[in-house]
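Here the structure comes first, spelled out in structure tokens, and everything after it is commentary.
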Amino acid sequence: MNQVDVVWRRRRRRETRHLLMSVLPGALWIFIFLVLPSAYLMSVAFMTNGGFGQPQLPLTLDAFRNLAGFGFLGWSPGNLYTLWRSVFQSVISLGLVVLVAYPVAWYISMCRPRLRAIMLLAVVVPSWTNQVIRAFGWMNLLSPGTTLSDLAARLGLIAPNMGLFPSDFAVTLGLVYNFLPFMVLPLYAAFEKLDHAQIEAARDLYASPLRTFFVAVLPQTLPGLLAGSVLVAIPAFGMYVIPELLGGGRSQMLGNLVASQFGDAANWPLGAAGALLMLLATFVGLLVLRRMGRRLGGGSEMVI
Amino acid sequence: MHNTSFKKGLAIFWWLTLVFLYAPLLVVMVFSFNAINTSARWGGFSLRWYERLFNNDVVIGAIGHTLLLAVISSIIAVILGAMIGYGLYKHRARKLGLLIILIYLPIVMPDIVFGIADMAFFVQINRLTGLLSPGLSTMVIAHVTFQIPFVALIVYSRFVGLDATLFDAAKDLYASPWQRVAHFILPTIKPALLSAFFLSFTLSVDDFVISFFTAGPESATLPIYIWGAIRRGISPEINAIATLMIASVALVAVLSLLFNRRRA
């Protein structure tokens, strides 16, 4: 072994020590207080439900059968309805968020640069307020006897004296409200780089406005749309606060099912199985985002 | 497609969206001054809900818990996160994939899974050792965990924006490692540390779900108190607390806008 090699190695070892010293405390913190607990939670999903909701050995797949509706009293569709509602609500609210966010992001990108920062801030500021308070605001607006509820009743949309809240509709509205900024920001970033020449070209070729949009605007803003979609749909799928406050007992989503199993319903393994499902959805979403981001020419920096 | 009628249509849509975004907050604020006990009708101006609020010891306690939790967790998170940010920058040539995944984990994890995993974990630890009974300490632990990544990313991006030769210059001047930290590194990343602290603070105050699952019976924060009050039935008192929280957020927004403008 020659001298240079020894020096290089010693230096490398010193650098590794420096890296560990700076990074290790925080990394260990995350590992001990998030990775270990998550691993424990995942293991609970494969345990048996003992008394008082405490998980016990032996290892089984009971929790997953439970999640699919097989319980003490035979099969019931309640849990599957909840799962379906989670998927349905996140897809519907994603669609609505896209419909609102496109014009908003486009309009912001058309305004004077000085104004744009303020407009983006105006979109984001409401989401700085605690989500419990925001949901409470909607409860105030939609509860029975308010102007909006009366209007809906007069139009025959709901029975008289009923409120728009609690309902599935209120949950969808709450989700759209909550996640709108998550779509506007990435879409705006895409619109800012929009090549207007393509739009002009489409118009010169007598494309209809709709066709112009699909041919010239949509492809250019697709990376933003995809990033936003993951940022909206995945958290919406696991949402807890909004269905709990704005939906009644019949508007529960997966997050509520999970939480109740760790509370009153006292079935930790079932709750953990639901949590496992949510984690899987999250990682699939991130994976899809990375894949598509690469193919569309964006780098991995697109992931948040 | 860039013609005026199209832009006018977009402008109308923009204003409608603003109404949509601010209506729930405005309703809360307006009805916090309502004289009667409903959010459906206006019964005249009154400050009675605010009076009730400030005579409510539970609310005052919850405000205290919220601030204490936010300050303690932000301080710990800024220290640990800044160290990670520095380490990431210094060794950015290395393959740190696993570490980066670890750092992104708290950000991408659904907060209900985060909260419940911590709760289940703390319950078992408490059963085995008697340590970590649910309360302010478990909440601080959980909050630091989700604050660290944001601090690390802010500090890291500040370092990346620096001229790398500055580090060599400090070394060439024979500054010892601690002198380098005290006279060069800390002063240069001070703005980043400040904004990381404020972001951590805001994240902590804003958090409900993770706090809810790691809190003990004696450590309810303001969002948890509001949650409980809503579950017991809508009371105009909640409007008053919520208004105070919205007002403080608006204040922060205006301040950050002014700060940005001055810098620009």
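Note: Cβ is positioned from N, Cα and C throughout, glycine not excepted.
Model, not experiment: these values are computed from the prediction.
Copied from TrEMBL, the annotated features are:
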{"type": "TRANSMEM", "residues": "A:19-42", "note": "transmembrane segment"}
{"type": "DOMAIN", "residues": "A:83-289", "note": "domain 'ABC transmembrane type-1'"}
{"type": "TRANSMEM", "residues": "A:87-108", "note": "transmembrane segment"}
{"type": "TRANSMEM", "residues": "A:115-133", "note": "transmembrane segment"}
{"type": "TRANSMEM", "residues": "A:169-191", "note": "transmembrane segment"}
{"type": "TRANSMEM", "residues": "A:212-242", "note": "transmembrane segment"}
{"type": "TRANSMEM", "residues": "A:268-289", "note": "transmembrane segment"}
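Highest Cβ contact count with the transmembrane segment (A:268-289) among the listed stretches A:19-42, A:87-108, A:115-133, A:169-191 falls to A:19-42 (criterion: pairs under 8 Å). Ranked by the number of CB pairs under 8 Å to the transmembrane segment (A:169-191), the listed stretches A:19-42, A:87-108, A:115-133, A:212-242 are led by A:212-242. Residues 86-87, 89-91, 93-94, 97-98, 101-102, 105-106, 131-132, 135, 171, 174-175, 178-179, 182-191, 193-195, 198-199, 201-203, 253-256, 258-259, 278, 281-282, 285-286, 288-289, 292-293, 296-298, 302-304 of the same chain sit 6 or more residues outside the transmembrane segment (A:212-242) yet have a Cβ under 8 Å from a Cβ within it. If one looks beyond the transmembrane segment (A:115-133) by at least 6 residues along the same chain, the residues whose Cβ comes under 8 Å of a Cβ in the stretch are 104, 108-109, 177-178, 180-181, 184-185, 188, 241-242, 245.
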